[in-house]
Amino acid sequence: MFALRRQLLRPARGTLNALSRRAYSAGRQEPPKMRYFALVAVLGSGAFVLAANSLDRKKPKTEITEEEYEREKQRNKLKYKQGAFGSDEVSVVFVLGGPGAGKGTQCANIVNDFGFVHLSAGDLLREEQKNPDSKYGELIASYIREGKIVPQEITIALLQKAMKQAIADKGITKFLVDGFPRKMDQAIKFEDEVAVSKFTLFFECPEQVMLKRLLERGKSSGRTDDNAESIKKRFRTFEETSMPVVKYFETADKVEKVHCDQPKDKVYQQVRDIFIRKGLDK
Ligand code: UP5
Ligand code: MG
């Protein structure tokens, strides 16, 4: 079988060799060794291009879609915003959480330990409501009783005035803004026009626990909204209107959560650790 194949191929091989010798001697083609060298070079560079392409495919994806780009832009805008007070002039921490979660109680501890000024939006509104010279007294009273959010211009003006006063009187520039912003428009306007927050301290607490605390406090607080009917409305407003604010700041990684269904001192341990970690204890 092999002998037969050799017999058949011999004339063909002979012809090829003869043709090759003739072409070379006529000076029309390079010597066979050069052809092998060229062939190896071509195959080698082809292999290199293939390998480079496959390496490129293994690289992590760097391109982003238009949608991802828009999301990133929004996120950075929120993260690096500038307000009327520069971020080196004041430190603002928003304190949010459901009614009765313990915001006011813990703010008092931070004031004692870390020298912050505590500005409760609810307290400022209640003071304004009692001010006989204010034209907003009646309006504020009805909003609070109904557990609704007072128009932002009133609350922001009160907060801004209190901040300026604290800076002028005490020279303190660290602020706990408690119970604010509890609506998206407030969050955006305050950060655009007053100051950008360092972060939001968010008090997580089950409704049943908050209800029990508020009904207990209602026995002596004198607050017009510490009754079962108003509390129910406050809970609904918190879920529907204020939780989106927390989620908004979460998109910029600016929320620190505290679990509040614990004794006051245990809750404060969490709060204290956060302020130390954030470098706001000095
Ligand atoms: N308590 C606290 N912590 C406890 C713990 N760990 N264990 C056991 N008991 C604890 O605490 C509430 C009660 O619980 C106290 O008796 C305390 O001893 C006990 P507190 O620290 O007062 O809770 P806080 O979260 O501050 O509850 P508050 O009632 O103040 O919350 P709200 O957010 O509802 O009230 P705020 O005053 O901020 O707002 C009132 C209204 O003002 C709003 O409903 C709204 O109508 C209006 N408002 C606006 O319109 N715009 C704003 O920007 C802000 C307010
Ligand atoms: Mg309070």
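Numbers run from 1 along the shown chain.
Glycine too: its Cβ is placed from the backbone N, Cα and C atoms.
Summary of the site annotation: TrEMBL records ribonucleoside 5'-phosphate binding at Lys148, Ile149, Val150, Gly179, Phe180, Pro181, Arg182, Gln186, Arg223, Arg234. Screening the candidates Arg126, Arg213 against this entry identifies Arg126 as the one listed for that site. The region 'NMPbind' annotation in TrEMBL falls on one of the ranges 58-88, 120-150, namely 120-150. On a Cα basis, Gly100 (ATP binding site) lies 16 Å away from Ile149 (ribonucleoside 5'-phosphate binding site).
When the Cα atoms are compared, Thr105 (ATP binding site) and Gln186 (ribonucleoside 5'-phosphate binding site) turn out to be 23 Å apart. With a threshold of 8 Å between CB atoms, the same-chain residues lying at least 6 positions outside the region 'NMPbind' (120-150) that come near it are 103-104, 107, 158-159, 162, 177-180, 182-183, 186, 223-225, 230-237, 241.
For ligand 2, there are no nearby binding-site residues; that is, of Gly102, Ile149, Gln186, Arg234, Gln262, none has a C-beta under 6 Å from one of its atoms.
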